[in-house]
Every structure is written in structure tokens, then in C-alpha cells.
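Quick one: the structure is below, questions incoming.
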Amino acid sequence: MDIRAAEISAILKDQIKNFGREAEVSEVGQVLSVGDGIARVYGLDNVQAGEMVEFPGGIRGMALNLEADNVGVVIFGADRDIKEGDTVKRTGAIVDVPVGPGLLGRVVDALGNPIDGKGPIKATERKRVDVKAPGIIPRKSVHEPMSTGLKAIDALIPVGRGQRELVIGDRQTGKTAIILDTMLNQKSVHDNGPEKEKLYCVYVAVGQKRSTVAQFVKVLEERGALEYSIIVAATASDPAPMQFLAPFAGCTMGEYFRDNGMHALISYDDLSKQAVAYRQMSLLLRRPPGREAYPGDVFYLHSRLLERAAKLNDDLGNGSLTALPVIETQANDVSAYIPTNVISITDGQIFLETNLFFQGIRPAVNVGLSVSRVGSSAQIKAMKQVAGSIKGELAQYREMAAFAQFGSDLDAATQRLLNRGSRLTELLKQPQFSPLKTEEQVAVIFAGVNGYLDKLPVNQVGKFEHGLLSHMRAAGKDVLDAIRKEKALSDDLRAKLKAEIDAFAKTFA
């Protein structure tokens with residue numbers, strides 16, 4: 001066997017060149033058991049809580065339970081291809097999602113992957129899904145209105161930018177319809193309003209049917225509202241970890257706008273299903289159950305999510321994130337565990353009732369039980385001026401209506417109150433997909449509280465309102481513009497508005 005010097009020197013050179021090169025160390029663990037979307041992993045000693053880990057075949061998971069001898073991992077995807085003895089790799093990254101304007105108009109899953117078939121997302125940066133909420137110093141009190149376009153809400157239960165207003169009610173009471181109308185109502189501002197007033201929308205669908213989400217997206221698309229909206233969908237067929245994560249992912253996407261001096265609205269539809277998904281994960285991870293078998297930290301789950309909605313101060317760019325969480329009750333039971341939790345976290349609630357819905361009062365808002373704890377600071381002055389009296393009148397009407405059932409001979413004052421109340425209730429009805437601008441609402445409610453409806457039969461109120469709006473949009477356009485610009489009803493403007501309504505009332509028959 002002949003030894004060539006050149007070959008030996010080549011081998012030596014190669015070994016010298018690679019001397020001291022570190023091998024890439026990736027920390028791995030082994031699957032001990034897997035089932036129900038949960039894997040128990042041995043190893044991964046230095047894994048962080050909430051860190052992404054990778055299973056064979058590219059399936060991802062998140063380390064949630066860090067125990068003495070193993071790690072409990074929830075799996076984002078099907079667990080049927082994972083088996084005992086499989087290798088699990090750390091990624092070193094806490095769960096994050098893409099953020100930025102590139103997401104507008106898209107439908108994504110809880111990890112920010114597109115699911116609408118429109119190609120990859122053009123996002124520039126990624127942010128962690130679970131970050132700390134802003135403290136007390138960065139915040140500012142809520143003072144700008146977030147218009148929903150619904151008279152019953154904007155007049156009586158006003159929502160401000162940076163507020164958290166709960167939408168609560170039984171199934172099929174129109175909770176999603178309120179969210180949808182609020183999103184559609186932002187179209188006019190996006191089309192011709194100033195940049196600083198635009199409101200970007202994020203809609204998080206948790207545990208809903210795919211057909212429902214597809215229908216929701218279709219309506220947004222047809223009405224031109226998808227271009228300023230992001231849809232995060234974790235449907236009923238998605239694993240529980242995805243349903244648990246979706247609200248946090250959506251919140252991170254909304255925070256991008258808040259932190260860059262813009263305004264965003266996020267709705268979680270609905271948080272009851274997120275709590276159920278979290279309960280499922282917690283029980284499978286063998287965490288101790290509490291009331292209604294929910295884990296002890298289910299309050300913290302929702303509070304840390306909803307506290308991220310905030311109005312930031314001037315130094316941080318004046319941005320805001322408004323949250324409209326949805327909770328579904330069973331048989332109008334607001335005193336169950338999750339509803340009471342979320343009511344205590346939010347700044348008010350819009351309470352929807354089945355009876356009202358079937359009576360044809362839609363949106364089915366129970367004005368007596370609904371509150372906004374931010375209140376009139378989230379209204380323009382003009383709306384305060386006209387809506388101040390309507391709340392009192394409706395409260396008196398409800399009280400009197402209860403008594404009126406017992407007695408037939410009512411004095412004239414009571415009769416007047418009942419007449420006015422029934423007409424105001426009629427006035428607050430509104431069909432779906434017809435949100436009104438604030439100045440139009442002011443004109444309509446002004447007519448209601450100043451007695452223009454008192455002589456009309458109740459079934460003519462809707463017709464009168466429709467006619468009045470058409471008249472104001474044509475002949476009274478300058479009055480509406482003045483209300484929008486001045487944001488208050490001066491004596492002069494009040495007289496002009498009165499004159500326009502008088503002119504219309506004469507022609508109405």
C-alpha cells in the first residue's frame with residue numbers, strides 16, 4: 001500500500017482547518033406520551049414557558065407546563081403523526097405572529113398563517129402574542145367617541161376609543177350583528193375622513209363554524225370593509241390551543257396600530273369559547289380545576305387580554321385599542337362564572353335579550369341593564385345635548401309600563417309618558433347593515449325628544465325617520481355638516497335643525 005505525501009498533507013490541512021469548530025447544539029427531548037392534543041416530553045431542561053417547540057414533520061407546539069421531570073406541551077395541529085419516542089426540538093422563540101398593515105384585508109389563523117388563499121402575508125415584523133399590558137403612566141382617560149352607527153348604543157351606552165365594552169347575551173340575539181355593523185360603520189371615515197380618525201378593525205372568531213366566518217368575511221368584502229380589517233379565525237374544528245391563542249394573536253395585531261399612533265378596534269367573538277378551550281387544555285395538563293371546572297387562572301387569562309386595550313397618552317402618539325369582547329350566556333344567566341368575570345374586567349356591557357329580539361326590538365339592547373362606565377365623555381357635545389333626556393324618559397317609561405298593566409284609568413301625564421316611551425323605543429330600532437353617522441343620529445333623536453313623533457301612530461315612526469333622513473341628506477345637508485364640524489348644538493344650529501324638521505313634518509303624511 002503506497003502512501004502519497006500529497007494525500008496525507010491534504011487530510012492534515014483539512015483537519016487543521018476544521019479544528020475547534022463547534023458543533024451546533026440544539027436541545028432536544030423525547031415524547032413520553034401523546035394524546036388529546038397534549039404531549040409529555042422528557043428533556044428540554046432549559047425550555048421557557050410559552051416557547052415554541054418543533055415535532056417531527058414540522059408540527060409545532062407550545063410548552064405550557066414546566067414540571068420537575070417532564071414538560072407538558074400543547075400541540076398546534078393534529079397529533080396523530082406524533083408518537084412515543086419522537087424527538088422534540090426547542091426553537092428558542094416565544095410564540096409570535098406577523099404584524100403590520102400588510103395583514104389588512106386578510107384572513108389568518110392563530111399563528112398568523114394566511115388561510116384565505118391570497119398568497120403569503122407581506123408583513124415586515126413579528127411580535128410576541130402574550131405581552132404585558134401598558135401601565136398606568138402611558139395611559140390617558142378615554143375621551144374620543146368610537147361610533148358604532150347604532151342609535152341605541154351611540155346615544156345611550158356610548159363607547160369611547162380605548163374602552164372595553166362587553167357585548168353579552170344568549171345565542172341568536174344579534175351579538176355578532178352589532179360587531180359587524182360597527183365595523184361597516186367605519187367605512188365612511190376610511191373613505192373620506194382624516195387619517196387620525198380612521199379606525200382599523202380586527203375580528204377574532206373563536207370556536208365558530210367555518211361557514212359563519214366565511215359569511216362574515218363575504219359581507220365585509222361586498223361592502224368594502226375588508227380593506228381596513230384583519231380576520232383571525234380559530235374555528236370549531238381547530239385544536240383547542242389554537243382557539244386559546246387566537247385572541248392573543250389578534251390583540252398583538254391590533255396593538256401594532258395602537259403603538260404607532262393609530263386607532264384600532266378588536267372584537268373577540270367569543271370569549272366563552274376561548275375559556276372552554278383553555279379549560280380543556282388545563283384539565284388535560286392535569287392542572288387542578290376550580291369553579292365550573294375552569295382552572296384557577298381563567299380570570300387572569302381574560303384580564304391580561306382585555307387590559308391590553310388602552311388609550312395611550314400624547315407622548316406615545318395618542319393611539320388607542322378598543323375592545324368589544326363577546327360573551328354568550330345560557331338562558332340569560334349573567335351570574336355564571338365567565339360572564340361575571342368579564343363583566344368585572346370591562347368598562348361596561350351591552351346586554352342583549354332574547355325576548356326583546358323576538359318582540360322585534362333589534363338591536364335587542366336592554367337599555368336598563370346595559371351601561372357604559374366611560375359614559376358621556378365618549379360622546380360629542382351635540383349627542384349629549386339630545387340624548388341626555390332620552391335615557392331618563394325611557395327609564396320612566398319602563399317603570400310606568402310595569403304599573404300600567406294593572407290600571408286602566410291613567411292620568412294624562414302618565415299617558416303622555418307611555419306614548420312618548422313607546423315611540424322612542426320604536427325610534428331606537430334599526431335594521432342590520434344600516435349604520436348611521438353621528439350627525440344623522442343627532443337629528444333623528446332630536447326629533448324624538450322634541451315631540452315630533454308624539455302625534456304619529458307607532459307603526460309610522462320608522463317611516464318618519466326614513467323620510468327625515470332622506471330630507472336631511474338632501475335639503476338639510478349643510479345642517480348635518482355643521483353638526484359634524486361644530487360637534488355641538490348652538491342655539492342658532494338648534495333653530496336651523498328645528499326648521500328643517502318642521503319643514504319635513506309638514507310634508508309627511
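We count from 1, first residue shown onward.
Backbone N, Cα and C define each Cβ position, glycine as well.
Residues annotated as ATP binding site in Swiss-Prot: Gly169, Asp170, Arg171, Gln172, Thr173, Gly174, Lys175, Thr176. According to Swiss-Prot, the site 'Required for activity' annotation covers Ser370.
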Kindly assign Thr176 (ATP binding site) to one of the three DSSP-derived states: helix, strand or coil.
helix
Using all protein chains in view, find how many other C-beta atoms are within 10 Å of the C-beta of Arg171 (ATP binding site).
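Neighbour count, Cβ to Cβ under the 10 Å cut-off: 10.
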Would you count the other CB atoms within 10 A of the CB of Ser370 (site 'Required for activity'), including those on all shown protein chains?
21
Under 8 Å between C-beta atoms and at least six apart in sequence, can you list the same-chain neighbours of Thr173 (ATP binding site), or say none if there are none?
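Looking at Cβ-Cβ distances below 8 Å from Thr173 (ATP binding site), excluding near sequence neighbours, one finds Leu352, Glu353, Thr354, Phe357, Ala364.
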Using a 10 Å radius around each Cβ and counting other Cβ atoms from all shown chains, which of the binding-site residues Gly169, Asp170, Gln172, Lys175, Thr176 yields the largest count?
Gly169
Based on DSSP, name the secondary structure state of Ser370 (site 'Required for activity'): helix, strand or coil.
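Going by the DSSP assignment, Ser370 (site 'Required for activity') belongs to neither helix nor strand, so it counts as coil.
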Excluding Gly169, Asp170, Arg171, Gln172, Thr173, Gly174, Lys175, Thr176, which residues of the same chain place their Cβ within 8 Å of the centroid of the Cβ atoms of the recorded ATP site?
Glu328, Leu352, Thr354, Phe357, Ala364
I need the CA-to-CA distance for Ser370 (site 'Required for activity') versus Arg171 (ATP binding site), whole Å please.
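Computed Cα spacing between Ser370 (site 'Required for activity') and Arg171 (ATP binding site) is 17 Å.
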Residues with Cβ closer than 8 Å to the Cβ of Gly174 (ATP binding site), same chain and 6+ apart in sequence?
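Expected: Leu352, Phe357, Arg362, Pro363, Ala364, Gln432.
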